[in-house]
Amino acid sequence: MGSNQLLRPRKVPKLFVFGDSYADTGNTKRDTEAWAIPYGITFPGKPSGRYCDGLIATDFLEKVLGAESPYLYRTHGRDKGLKRGMNFAFGGSKMLDSSPNSPFPNITAQVNFLVDLVLAGRVYGDITPSDVSLISYAGGDYIYYIDQNRPAAGLKALVEKVVDNLRVNMIVLGGLLFKKIAVTSLQPIGCLPSYTSASSFKSCNESQSALVELHNKLLKKVVAKLNEQSRVMKKEQHFFIIDIHNAFMTVMKNKGSKRFKNPMKSCCEGYCGRSSDGGKLYTLCDDPKSFFFWDAVHPTQEGWRSIYSVLGNPLTDFLTKP
């Protein structure tokens with residue numbers, strides 16, 4: 001190895017993120033609850049557009065990757081270069097339905113935002129083999145379907161459609177020459193405080209278990225097939241599932257790096273971040289660090305920290321190995 005190679009600075013990897021509120025670091029409009037007190041009280045000390053008291057999954061992922069914080073699509077979507085990657089995720093986004101003027105573009109629309117930037121010649125040269133693309137999906141389509149009291153018999157077809165759309169979007173990202181393409185598994189929806197409240201936060205609602213299990217089973221098959229196709233065609237692309245389902249369950253069973261007194265109960269209860277006639281429509285705990293969940297759906301900063309401590313070496317290897 002020549003001296004010039006030894007002196008050459010390491011190429012800093014970039015992170016490109018697509019998804020929903022589990023990944024959004026500030027793309028939603030200022031009238032959403034993520035921009036209202038008490039969101040952001042732990043970090044940065046004020047609302048920042050994150051659906052949390054502080055740092056979220058995207059922030060911890062970039063630390064593991066050794067990347068700088070990605071630009072927000074909301075503020076940098078028209079920039080000529082993406083030297084720090086970009087976060088296209090919007091809180092409230094789903095996989096399937098999104099009207100043309102929706103403030104919450106669905107995940108396919110988000111991926112197409114990047115495609116448009118590439119076609120405009122503003123990104124292509126900025127994507128390198130060390131860069132990572134991530135699709136973060138927390139089941140917005142399923143939660144909406146369940147909350148609308150739609151027939152349970154239709155869930156199987158919905159899951160199949162959602163997972164197939166995830167597959168298509170991963171293929172599109174592969175076509176943009178990403179070598180590392182990650183997707184999250186689906187967290188245990190029935191263990192979210194919005195559903196555990198029915199049991200006074202004592203147990204998960206098992207009625208959602210079947211759809212979560214089916215989603216993750218189909219996703220594993222899709223990712224395995226994509227990796228096999230990549231191997232056969234010698235594309236040197238690696239598709240990877242960030243298994244937050246297992247991490248959620250591990251932490252909630254008190255086997256993670258942080259023990260929470262009641263991991264099914266949220267710190268901010270009620271309509272977090274909302275008020276009426278000057279009065280708060282929520283109650284807030286004294287110490288968010290002692291809670292796994294921040295609100296009815298989203299983990300606290302400490303919750304996300306525990307999740308990423310469980311994810312450990314397999315995730316680090318995928319993100320950092322050439």
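Glycine too: its Cβ is placed from the backbone N, Cα and C atoms.
Taken straight from Swiss-Prot:
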type	residues	note
ACT_SITE	S21	active site, nucleophile
ACT_SITE	D295	active site
ACT_SITE	H298	active site
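Taking the features listed in Swiss-Prot, we show where each one sits on the structure.
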residue : record                   : Cβ neighbours (10 Å)
S21     : active site, nucleophile : 27
D295    : active site              : 27
H298    : active site              : 26
Taking only the CA atoms, the spacing between H298 (active site) and the residue listed as 'active site, nucleophile', expressed in whole angstrom, is 8
If you measure between the CA atoms of D295 (active site) and the residue listed as 'active site, nucleophile' and round to the nearest Å, you get 12
